[in-house]
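**Student:** According to TrEMBL, the feature domain 'P-type ATPase N-terminal' maps to 43-110. Look at TrEMBL and you will find 85-103, 269-285, 305-326, 357-379, 935-953, 965-985, 1015-1037, 1049-1072, 1084-1102, 1123-1141 tagged as transmembrane segment. Positions annotated as ATP binding site by TrEMBL: Asp425, Lys426, Thr427, Glu570, Phe616, Lys639, Arg673, Thr754, Gly755, Asp756, Arg849, Lys855, Asn878, Asp879. Here TrEMBL flags Asp425, Thr427, Asp875, Asp879 as Mg(2+) binding site. The feature compositional bias 'Polar residues' is assigned by TrEMBL to 476-485. Among the features that TrEMBL reports, domain 'P-type ATPase C-terminal' is placed at 901-1151.
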Amino acid sequence: MGRGRIRSKIRRSHLHPFSCLRPSTKEGQEPHSLEGPGFSRIVYCNEPIKHRKKPLKYCSNYISTTKYNVITFIPKALFEQFRRVANIYFLLAAILSLTPVAPFSAVSMIFPLAFVVGISMAKEALEDWGRFMQDMKVNTRKTYVHQGEGEFGYKAWEKIQVGDIIKVEKDQFFPADLLLLSTSYEDGICYVETMNLDGETNLKIKRALEVTLPLDDDDTFKNFSGMIKCEDPNPNLYTFVGNFEYDRQVYPLDPGQILLRDSKLRNTAFIYGVVVFTGFDSKVMQNSTKSPSKRSTVERKMDKIIYILFSFLILISLISSIGFAVKIKFLMPDWWYMQPWKPEDLYNPNSPSKSGLAHLITALILYGYLIPISLYVSIEVVKVCQAMFIDQDIHMYDEETGNTARARTSNLNEELGQVDTILSDKTGTLTCNQMDFLKCSIAGNPYGVKSSEVELAAAKQMAMDLEDQDGELSIGSKSNTGTRTSWERSGDPEIELETVITARDEKDHKPAIKGFSFEDSRLMNGNWSNEPNPDVLLLFFRILAICHTAVPELNEETGTYTYEAESPDEGAFLVAAREFGFEFFKRTQSSVFVSERMRPGQVVEREYKLLNLLEFTSKRKRMSVIVQDEDGQILVLCKGADSIVFDRLSKNGRTFEESTTKHLNDYGEAGLRTLVLAYKKLDEAEYNAWNNEFVKAKTSIGADREVLLERVADMMEKDFILVGATAVEDKLQKGVPQCIDKLAQAGLKIWVLTGDKMETAINIGFACSLLRQGMKQIVISSMNSDNAVKDNILNQLTNASQMIKLEKDPHAAFALIIDGKTLTYALEDDMKHVFLALAVDCASVICCRVSPKQKALVTRLVKEGTGRTTLAIGDGANDVGMIQEADIGVGISGVEGMQAVMASDFSISQFRFLERLLVVHGHWCYKRIAQMICYFFYKNIAFGLTLFYFEAFTAFSGQSIYDDWYMLLFNVLLTSLPVISLGVFEQDVPSEVCLQFPALYQQGPKNLFFDWYRILGWMGNGLYSSLAIYFLNILILSNQAFRASGQTADMAAVGTTMFSCIICAVNCQIALTMSHFTWIQHVLVWGSIATWFLFLFVYGMVSPAYSGNAYQILVEALGPAPLYWCAILLVTITCNLPYLAHISFQRCFNPMDHHIIQEIKYYKKDVEDQHMWRRERSKARQETKIGFSARVDAKIRLLKGRLQKKNTLAVHSHRPSQS
């Protein structure tokens, strides 16, 4: 390692008076008192060997997100398998099959169970192995660790110990929670990106203690030692209490010196730190939860069906055993062929109860076909195939990252089709952390003609809606830079809706310059000097170039400057200033240098002396710099939120306030983030007087230092003159507004949970169309004082709920916005249900400044409080808790950090792919699994009950009417493949129709295909089919000659005929159930019937020693008998006739949504009658109050109201003229 130190020319703490300039300990700060529980941790710096033995041995830095390990896999996986009720039954049946009363061999019961459980466990192992491999990628990352004698070397993350000295370089992640010792800057400042922890994109400033600043080189750690006493591991990301003992002095520590695992070093060449918390003791891992075992709603309901069938099985087994006991006691003495004078244990007329009990075991095993063991294997196979289709969907492939969608677990496929609420992270999930300067308002004039993504999406939707207005409205367009949509009535265009839509190709929308998407020739290339108020324009550009804390870096390849800024907004402003001709190119300790291009070819370099900087904080919502230009004029340049800056304008500084306010509202409607720019001039005496006060406040000691600084800053930041406003587009992930709109149309509720500031979250809410102008915002916040905070919050929640209930406007929409501090109280047991009730009544919910733990708690509250299916989606370590807590967790891959993906059930590369994952794959998977399970129970009831009927006809003897091979092949071969094809290939409508008719998705959340009505209907169908199959065959075959030579049918012939009817009936039933046929389904359905007859032929050819009574049964007995074929045809038609009548009646008189679409597609009306197709699509949208469709609907209602009002006025004005 090189031992030279990179020295910065700037002491960066001078730029941050509020957060960084604190008096040193020697000036008065006392060490923290760390007595009592919760403060027991001791760390010996640079002496990790002391932490290898208890009591100072702490957990390793190894992390794991797997569900199992080598030791726990078998017991935990077996527990998971036997949580399934059917598996418990078959385990008992397998044990009972070892007894002499079993009707089948033990192998025939044990082998299927072992096969089912083994397949499921192998699938679990494979999925967990994938998690393990992703864990290993993190654990084997390398970092520089002090190895002794001042030498640093690479070590894997998992090998790092408490007390190790770590060197982290620019753009690397911190491998553990560290105490910052020194940085590449002289004053120990470093910049940290915590996006993975709290979702915030702005950089945090951390500072080292002054006493450790000399530890700035590898060699300085040769003899370094110290001790840290601090708090025990806890999940709070924003607090830290500890003391650092070094060189016989004790120094207090606070969060400003702590670097958290999974945050990233930015804009700083390197830092040195000592490891305080490792692995699961680190704060980010303390916020995570154990990988839960998730089961889908359908699977849990399936258990209830199994309970019902199991109860029914016990009932008929009891009937059978009682019937057997009665027969043994009263009738067996008369059956001479049973030799009643030689009684056995099972056939003893003198002990019928003992015989009945033994027969109960026989019946429980014999009628076991009512509970389908192969159902679980079939579902596993189907779900794996469905997961493969998700993985290979080319429409969810991201070209930029090369990542596809991944179903990391296939257990929850059908749950994707039943989601009610989506809880989403913001940064990196909805947004891509890129700000683009798009529009501005200067001196009351708007500049920037390019539309935001939200405007484009809304305009496109509005154009589609206007086409469907059935003659009420007509559309006209003019101008080549934009489209002007005129609303006409009787040929008079009176009310116009202006929507700017650039007429270029989509490729032109991509900014050529990162951070700058502005298009308006009036300001470019020096043309601004020809505009009205050029002096105000000049001030605007100078504020952009001067009012910031960024540092320029020359890109030697391009010759342009890039900027290391604390936030993306600041970077976008500097790029914009550069493009307008005002390039910030140099910063010294006391000055800012700007290259100003007043006219083409005329460039002047100016120096602005930086006198003071009042930084931007979430509380202040503004930033100001005090500079002196080359003429000696002192200026205060300010940028901040409109609500703050407008209140600080002087009376003569409000010239442009009205027009600027209008532009700000327009920008907000377009989903843009806005800031207002203002300035004022100072004379030197006024400045000096203020500066003396500021220096006193800055150097004061005590708890009220921050208050003093704020008060002094307030004295300066007033009496401004308004210059203008900026509008920056927080670039959303591609397709996010469209995706949210489609999900809203599908009836899904969307909550945003973010660690970001409230203002930022609200801006993104507008950008995503979760918020819109006219929507009533309910902001729940807590008071600064702790007194009666809880009562105050409860009152706010109650009043808001009451306001919603009293609202009479059916189109009114409410948005709930709450911050993390308030949420802490709102999530307490006595208040959380009031909060949830209010949130459910609101159209959108945004939770700001929330910790990872709070994200998980909110998710749990929604999941348990509503009882509906929840989906959480995020991309960072701060989202792991909610991803694991939700019914379905979706991780965004392709961004920094893989923690969210590792903890997720599904991963996608972009938020927009969530639309297809849910609306297409979710819808298909739910319907496929639901239909498949219902059909499975139908066919097993139809088959299993015929055994019971035969028992009743044969004195409950325990004799099966079917050959053992028939029964074995029924579920394994003859009926399993068609049902698997139903689960894998069935489509009620094609994927493009799912996207065009998003309301179809509501069939899942409403559970239309797996409710008790449908389940009991299929069970009833199975009962009817079993009755028809058994009694029609008995009726046809029992009292007449079976063959031309006069023979009657024996038990083998009746059983084989009956079984042939079952195979044909249930396979024809599944053919009627399918909406979508491929050649594979044809092969499997009709091939299963053909396979049965082929098996019967081959089995009959086998020696009688193996085939028994089935020897030559098809060739000699059944095949030549017309009665056999007639019975199959008659019984198959009889069994399927009621279902055919039911679906025919339903389609004619009470069709479901997909029935109508299927008929439109079948008759090609979607091609022949486009107007009808668009009208049906418009009707199929769920009524929603979020998304740009809701925004467009609100705009159309407004314009219709204006049109109606105008026509009314026209009528009234016409009447007097007539009179």
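Keep in mind that glycine also has a Cβ here, set from the backbone N, Cα and C atoms.
Unlike curated entries, TrEMBL annotations are predicted automatically.
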**Student:** What parts of the chain pack near the transmembrane segment (85-103), using Cβ distances under 8 Å and only residues at least 6 beyond its ends?
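**Tutor:** For the transmembrane segment (85-103), the far contacts come to 109-110, 112-113, 116-117, 303, 306-307, 310, 346, 358-359, 361-362, 364-366, 368, 371-373, 375-376, 958, 960.
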**Student:** Measuring CA to CA, name the entry from the binding-site residues Asp425, Phe616, Arg673, Gly755, Arg849 that ends up nearest Asp875 (Mg(2+) binding site).
**Tutor:** Asp425
**Student:** For the binding-site residues Asp425, Asp875, Asp879, which one has the sparsest Cβ surroundings, going by other Cβ atoms within 10 Å?
**Tutor:** Asp425
**Student:** Which of these binding-site residues is closest to Asp879 (Mg(2+) binding site) if you go by CA atoms: Asp425, Gly755, Arg849?
**Tutor:** Asp425
**Student:** Residues with Cβ closer than 8 Å to the Cβ of Arg673 (ATP binding site), same chain and 6+ apart in sequence?
**Tutor:** Met435, Asp569, Ala727, Val728, Glu729, Asp730, Thr760, Asn763, Ala767
**Student:** DSSP says what for the domain 'P-type ATPase N-terminal' (43-110): how many helix, strand, coil residues?
**Tutor:** 30 helix, 3 strand, 35 coil
**Student:** Around Asn878 (ATP binding site), how many other C-beta atoms are within 10 angstroms of its C-beta?
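**Tutor:** Taking every protein chain into account, the count is 34.
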**Student:** Return the count of C-beta atoms lying within 10 angstroms of the C-beta of Phe616 (ATP binding site), excluding that atom itself.
**Tutor:** 24
**Student:** Report, as a single number, how many Cβ atoms besides its own are within 10 Å of the Cβ of Gly755 (ATP binding site).
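**Tutor:** Result for Gly755 (ATP binding site): 28 other Cβ atoms within 10 Å.
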**Student:** When a 10 Å sphere is centred on the Cβ of Arg849 (ATP binding site), how many other Cβ atoms does it contain?
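**Tutor:** I get 22 for this one.
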